[in-house]
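A.B. asks: This is the structure I have questions about; it appears just below.
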């Protein structure tokens, strides 16, 4: 019996120690990835540390008053790095606003994506090609590309100055 017990526990400490070392390595790898992601986020986004306390509070008048929804607005989100905001409305549209310039891109149930001149309210360009409700549209950092997704089970990338790809 004593020999069976010795066999049962032989190498157990070594196995546990190996598991601890493996887990510690994974933790260190994840901490490194987190640190890199935090550096990338902080380098691209303005932070309170980089601004004076007087700039933390918005001051009237507003920079832009972005009008364009035909129903109550139910949600608004800011992109953490780029100067765009998204708004969703009960009129079944999602709009992407460039709040630095005032430009607007909208998607809708009418299967189109539209670019708007906010100052005048004029539609500057209409992108057609989806066969069903366009659920969302995103603009890349330099404003040269749009990506849209639709209920027609497609994602399309649009070059703003040409046709869809």
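Note: Cβ is positioned from N, Cα and C throughout, glycine not excepted.
The repeat 'WD' feature in TrEMBL is assigned to 66-107, 104-126, 127-165.
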A.B. asks: Within the repeat 'WD' (127-165), what mean pLDDT does the predicted structure show?
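C.D. replies: 84, rounded to a whole number.
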A.B. asks: Let's see if you can do this one: DSSP helix, strand and coil counts over the repeat 'WD' (66-107), in that order.
C.D. replies: 0 helix, 22 strand, 20 coil
A.B. asks: Just give the helix, strand and coil counts over the repeat 'WD' (127-165), going by DSSP.
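C.D. replies: When I sort the residues of the repeat 'WD' (127-165) into the three classes, I find 0 helix, 20 strand, 19 coil.
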